[in-house]
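Asks: The structure's right below; bear with me while I get my questions together.
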């Protein structure tokens, strides 16, 4: 048997049976993540390696198999680097395997976070420092890579911003501006303005 109900989610990890060795055939694993009231969930894909037949990973935005899918390994070729965000306090995860072929399976990091806060960023080959270890709005995080690794995307410095207040005046030397609700779709009727200011002798480089 595999799977289970995980209540009052803070930070944790889900792995397939036997990980990092291969999982077995004819599996059906269900996990239900439940964050505290008023919290949402973020998951990061550390590893997803499924046999190329009918083995499948499904992640649903709710508390049952009938909820809307956030991720389906049948439909998505690449894993989202930024992970997935729930819109409620529940995520339902299903891993199934058929009678032929296996692989190393899945390792998924999960975290619950409250309104007015951001989720803790994940760094696989490096570390980070934060001005606020509760990850509240306004917290500034700086990344550093381990020797031999470089940052693939984004800035070494990011700030936790309130998605309901999508504007601001930015004076930091580096940072990231995200549309409201990123990586999900932004809402209709939004008017977002950011002002980026540097010293007189400096210029601004924007990387999209």
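The backbone N, Cα and C atoms fix where each Cβ goes, glycine too.
Annotations per TrEMBL:
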- 2-113: domain 'CUB' (DOMAIN)
- 2-29: disulfide bond (DISULFID)
- 166-208: domain 'CUB' (DOMAIN)
Asks: Output the one of 2, 29 that, of all these disulfide-bonded residues, has the highest number of other Cβ atoms within 10 Å of its Cβ.
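Replies: It comes out as 29.
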Asks: Could you break down the residues of the domain 'CUB' (2-113) into DSSP helix, strand and coil, giving a count for each?
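Replies: Once the DSSP states are binned, the domain 'CUB' (2-113) shows 0 helix, 54 strand, 58 coil.
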Asks: Given a Cβ distance threshold of under 8 angstroms, which distant residues of the chain, six or more beyond its ends, lie next to the domain 'CUB' (166-208)?
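Replies: Contacts with the domain 'CUB' (166-208): 80, 82, 85, 87, 140, 154-159.
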Asks: With helix taken as DSSP H, G or I, strand as E or B and everything else coil, how many residues of the domain 'CUB' (166-208) land in each class?
Replies: 0 helix, 6 strand, 37 coil
